[in-house]
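*Asks:* Handing you a structure now.
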Amino acid sequence: MHHSNFRLGIWLRLHGEDLITMALMGALGLGIYEASPAPSRSFPVYFQDGQVVYPQFVYPLRKEIIPIAAALIAFFAPFFFVCLFQVRRQSINDLLTTTMGVLKSLITAAVFQVFIKWLIGGLRPHFYAVCQPSIEQNTAPSGTGFASLMYDRSVCTGDKNEIDDSLESFPSGHSTAGWAGLFYLALYLNAQLKVTSAHNPAFWKMVLLFCPLLGATLISCALTIDEYHNWYDVLGGAVIGICTALVAFRQTFAAVFDFRFNHLLLPRTTSIFLRKPVTSTGQEPYFSYHIPREYTSEELPFTREGGWGWGQEAYAGASGDATALGTNGEVRGDAGQRGDLGQENVHVV
């Protein structure tokens, strides 16, 4: 086993543009979050017979079961395991780069969802309780549209800030953050513990893998209990968070589900602050998808089951949808189907 070289100054120059981009994205997201809703959404209040048109929006305003600060678990839970696994990975580069991946997922998801909230939004389940519309029940509608049933926020008499917030229900910020961070953690646990691989791992690893998924589900669904969000707000946030987690993880690691490579960091050798490729780290400018003969600690997953202390399981086979190519470029379809690559020099395309 050989040891990799790490220099903080080089790492900062390589990832400096990402740090600047994240700061700008964070500032953009915060600015949009503080802005008033862009659209003037129309809504009905009463039918002509005095019945409320949308009873799903008449719930009382309640205190949130999960405050927004609790969503910080979406960062600190992955960060805890990234730090914990350094017991064996022993790599500052791995610690910093993997944490950057979590932040990329969270920040991208946050900006994505605040843009949608600002430009699209939607009514929260407690909208009418917050709006307090100055419309008398059992009186002739005096709004706009068909049968004069539609009104805008000008009929609201409640607190302005609460009204602004109640018009920005879709998508859920809690759900977005929860899934962006905790789904990333689930992918990371799968990669480091080899929950799905070429050997049958201990059951506790499967349980641990599902813990962040359960956490994200509870954070999301609790918002429908305190009537802060509709079910589709929660679902929309989950889709955003899962998508950003998948892309951020794949940008950071060589694979998402392929157990041979999903614990290996992808290289970065140039940036706008470092145009000449870095060679001191021994990294190639791209990942070759060849199984290494020697390993640094960061090239091994946290687990040592399946022979990972010596890398044997890396040779055990390919994913079912992978094509194995020999060094002569000939397709070895039978090997790809069996998942039996042997220990010769192979790569996956």
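Cβ from N, Cα, C; glycine included.
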*Asks:* Tell me which of 158-181, 326-349 corresponds to the region 'Disordered' entry in TrEMBL.
*Replies:* 326-349
*Asks:* Which residues, given as numbers and ranges, are at least 6 beyond the ends of the transmembrane segment (231-249) yet have a Cβ under 8 Å from it?
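*Replies:* Residues packing against the transmembrane segment (231-249) from afar: 101-102, 104-106, 108-109, 112-113, 116, 122, 169-181, 183-184, 187-188, 216, 220-221, 223-224, 256.
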*Asks:* Can you tell me which of 99-120, 173-191, 203-225 gets the most C-beta pairs within less than 8 Å of the transmembrane segment (65-87)?
*Replies:* 173-191
